[in-house]
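> Can you read through this structure? Questions will come right after.
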There are 2 protein chains.
Amino acid sequence: MGLKTSGSNLRVDGEALWADLMETARFGGTPKGGVKRLTLTAEDRQVRDWFVKTCEELGCTVSCDSMGNLFARRPGLDDSLPPITMGSHLDTQPTGGKFDGILGVLGGLAVLRALREAGHVTRHPIELINWTNEEGSRFTPPMMCSGVFAGIFTEQEVLDKRDRAGLRFGDELEAIGYRGGEVCGQHPIAAYFELHIEQGPILEAEELTIGAVAGVQGMRWYEVTVRGRDAHAGSTPMPLRHDALLASAHMIAALAEVARAHAPAVGTVGLIENRPNSNNVVPGETFFTVDIRHPEDHVVAAMEAAFQERFRAIAETGGVDVEIVPIWDAPAVHFDPACVAMVTDAAREAGFAPRSIVSGPGHDAAYVARVAPTAMIFVPCKDGLSHNEEESITQADAQAGANVLLGAILRADAAF
Amino acid sequence: MGLKTSGSNLRVDGEALWADLMETARFGGTPKGGVKRLTLTAEDRQVRDWFVKTCEELGCTVSCDSMGNLFARRPGLDDSLPPITMGSHLDTQPTGGKFDGILGVLGGLAVLRALREAGHVTRHPIELINWTNEEGSRFTPPMMCSGVFAGIFTEQEVLDKRDRAGLRFGDELEAIGYRGGEVCGQHPIAAYFELHIEQGPILEAEELTIGAVAGVQGMRWYEVTVRGRDAHAGSTPMPLRHDALLASAHMIAALAEVARAHAPAVGTVGLIENRPNSNNVVPGETFFTVDIRHPEDHVVAAMEAAFQERFRAIAETGGVDVEIVPIWDAPAVHFDPACVAMVTDAAREAGFAPRSIVSGPGHDAAYVARVAPTAMIFVPCKDGLSHNEEESITQADAQAGANVLLGAILRADAAF
């Protein structure tokens with residue numbers, strides 16, 4: 001019977017998927033070919049309206065929860081079963097691209113279209129989700145409403161967030177007409193799959209098409225302040241200096257060594273401020289951030305110990321003080337092995353060698369994984385570039401990713 | 001006869017000198033105890049008016065040249081001889097102290113007072129000079145009007161300089177009433193001595209009172225741009241990065257090594273800008289300055305070759321491009337050995353062990369040295385701190401410096 005098919009005869013329509021990507025890119029489209037579609041703006045409302053209309057045209061009913069998360073539901077044979085779900089986000093960075101998040105939603109739409117066009121009836125209902133405010137650039141933090149869904153944040157704290165103009169999240173959500181009645185987090189989910197661009201260079205470098213995402217790296221952030229003493233660059237002999245920037249330079253180099261020693265870890269100083277920052281003054285103080293990540297939390301902890309020891313030794317040698325303040329600790333996420341296997345199998349069936357990969361960036365899937373079996377699919381993006389108007393993928397890779405998503409959904413429908 | 005005395009019986013009045021320092025600190029005095037007396041402002045006019053009045057009360061006649069440089073002249077036995085001169089500057093940094101430059105002028109005033117009170121008649125006229133705009137913070141570059149005096153800059157180019165508010169140097173000089181008739185540079189000088197605070201930590205560290213300044217270090221400045229590639233801090237493996245800040249960190253460390261290998265050289269990165277400077281983005285570009293100094297020009301040249309080679313190797317290893325642009329080359333200045341010996345002798349006579357020292361900062365004396373035999377005297381300042389409202393010296397050191405200045409002036413009067 002049809003229910004037991006692997007769906008190996010089903011394929012998404014790559015042309016239609018690409019047309020959807022290009023069409024939605026008009027909502028907030030920028031002259032440089034990017035998208036500026038901040039959450040809860042007029043542009044966000046436009047793309048949501050388009051999403052609702054398009055899903056309804058495909059025979060779905062769309063519901064909205066109290067955080068504006070949208071659920072487009074295609075009925076299954078047994079509507080008492082929790083839905084097999086897929087999705088991502090339609091909001092973008094201020095100078096974002098056409099694919100980050102959007103591919104996961106429109107790829108899901110392509111899956112719904114393929115099911116409809118094949119007349120394929122699933123056992124579970126299938127739902128496509130658009131999560132509110134994944135980017136976190138208008139209202140911080142990121143992944144805000146999948147976070148409420150998973151119980152990471154309370155609804156009230158998020159409703160009370162304000163943007164830099166002082167506007168309140170809850171008011172802006174009401175204003176665009178997407179504050180729904182269903183309490184966020186009460187929507188049942190049997191499994192969740194998210195298709196996303198890699199936002200990194202690995203698949204491209206290895207000339208591979210599909211990443212089967214095993215989880216999200218554990219990540220810790222720190223703020224480091226180095227205090228030395230301002231001094232005249234001409235009159236202060238090297239041995240008498242307390243050069244905060246020179247000590248920081250050694251710390252930055254040490255952090256990279258620590259990361260390389262814990263491969264595949266990454267360690268980054270992305271932001272630095274130097275004071276007084278004058279070309280003839282030996283710097284008296286620096287402030288910089290440290291970002292360390294590794295798929296396993298115990299390695300992140302070991303890296304933390306290692307870089308802190310190195311930093312303290314460098315400070316001692318350099319005659320400066322160092323203060324290291326932990327500001328964020330996001331434990332590693334391990335996706336559901338069964339769901340990851342469904343992605344892997346679906347990729348192989350579609351003719352791709354799946355590359356096991358651990359996500360560096362966070363995603364809505366990282367929070368959803370706390371409340372439902374979850375996995376992700378990555379496809380390459382040009383030069384690993386994302387959060388950038390030049391973000392670029394190929395139509396073939398978009399189609400491949402959506403086909404793997406379809407295969408995973410059908411496997412989950414059979415398995416759960 | 002009196003003319004042949006070494007003047008070893010003459011001493012400055014340290015109390016009066018200190019009182020002068022405290023009195024002039026009122027013109028532009030700040031709540032934190034510093035001085036804000038930018039060149040050609042109302043405060044500069046106030047201190048100039050005070051200077052003219054005080055010098056005239058000591059029997060001097062004051063002339064002003066076309067750049068506002070002031071010459072207070074005490075007649076000698078033979079007024080056809082060019083004057084033995086001393087001086088410095090009365091302008092300050094925006095958050096300056098009470099002593100940088102000012103000590104050299106008021107120390108000279110203390111010398112004039114000592115000569116007058118002792119009834120000591122010199123062979124040459126003795127002149128005390130206040131140079132206009134040594135600091136260069138309102139109108140750049142620094143040492144502007146001793147620079148015109150020495151033929152480094154033309155009068156017209158300096159008159160046409162504008163401050164950040166668009167005000168023209170020439171107009172502002174007229175406005176405070178200190179554009180004199182004598183063409184700048186035509187004032188004869190037999191010898192020039194400048195007393196100054198060290199603005200560095202050496203004398204304090206060695207518990208010495210008098211620096212006999214042998215010259216000013218050669219100095220070169222560069223602007224360095226490192227170009228890598230922005231990348232996501234979470235998703236970009238260490239081996240695939242082109243991290244401009246990490247490469248810059250290695251360059252900063254390398255510059256310090258090059259400086260230490262050429263001791264007593266100094267090498268400084270005082271200013272750095274990092275782009276995009278976001279905590280989860282691998283930096284794609286940095287801009288920083290390099291300042292290298294050594295008493296001998298050939299060593300500065302060797303340092304330049306060494307650091308450039310190191311930077312290029314680091315760029316190669318780090319997968320980034322580096323561009324190094326020379327922006328300033330100030331050759332080393334060697335003061336007149338006879339004048340330096342007069343300082344050394346005067347220090348010993350006054351009971352101090354003179355410490356031979358090479359100035360890191362530039363001074364008016366560095367330009368005057370091009371047109372007249374010149375030397376400088378340094379006294380310690382607390383923690384080597386200068387260009388800072390907390391700049392601090394002791395009354396005893398101020399007095400010591402002025403006494404050595406007096407001794408040097410009398411020696412020059414005998415020798416030239």
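Even glycines carry a Cβ here, placed using N, Cα and C.
TrEMBL: automatically predicted annotations, no manual curation.
Features from TrEMBL:
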- A:H89, A:D100, A:H196: Zn(2+) 1 binding site (BINDING)
- A:D100, A:E135, A:H387: Zn(2+) 2 binding site (BINDING)
- A:215-316: domain 'Peptidase M20 dimerisation' (DOMAIN)
> Is it possible to list how many residues within the domain 'Peptidase M20 dimerisation' (A:215-316) are helical, extended or coil according to DSSP?
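In the domain 'Peptidase M20 dimerisation' (A:215-316), the DSSP-based counts are 41 helix, 35 strand, 26 coil.
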> Taking Cα atoms as reference points, which of the binding-site residues A:H89, A:D100, A:H196 is nearest to A:H387 (Zn(2+) 2 binding site)?
A:D100
> Between A:H89 (Zn(2+) 1 binding site) and A:E135 (Zn(2+) 2 binding site), find the distance joining the two CA atoms and give it rounded to the nearest Å.
8
> Can you tell which of A:D100, A:E135 has the least company, meaning the fewest other C-beta atoms within 10 angstroms of its C-beta, among these binding-site residues?
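Checked A:D100, A:E135; of these binding-site residues, fewest Cβ neighbours within 10 Å: A:E135.
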> Find the average pLDDT over the domain 'Peptidase M20 dimerisation' (A:215-316) in the predicted model and report it.
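For the domain 'Peptidase M20 dimerisation' (A:215-316), the model's average pLDDT rounds to 96.
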> Tally every other Cβ atom lying within 10 Å of the Cβ atom of A:H89 (Zn(2+) 1 binding site).
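Other Cβ atoms within 10 Å of A:H89 (Zn(2+) 1 binding site): 27.
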> Setting A:D100, A:E135, A:H387 aside, what same-chain residues sit with their Cβ within 8 Å of the center of the Cβ atoms that define the Zn(2+) 2 site, listed in sequence order?
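Going along the sequence, the neighbours appear as A:T92, A:Q93, A:G96, A:G97, A:G101, A:E134, A:S137, A:Q199, A:S386.
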> By a simple count of other Cβ atoms within 10 Å, which of A:H196, A:H387, the binding-site residues in the record, is least packed?
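Taking A:H196, A:H387 as the binding-site residues, the minimal 10 Å Cβ count falls on A:H387.
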> Expressed to the nearest Å, what is the distance separating A:E135 (Zn(2+) 2 binding site) and A:H196 (Zn(2+) 1 binding site) at their Cα atoms?
14
> Return one of helix, strand or coil for A:H196 (Zn(2+) 1 binding site), based on DSSP.
strand
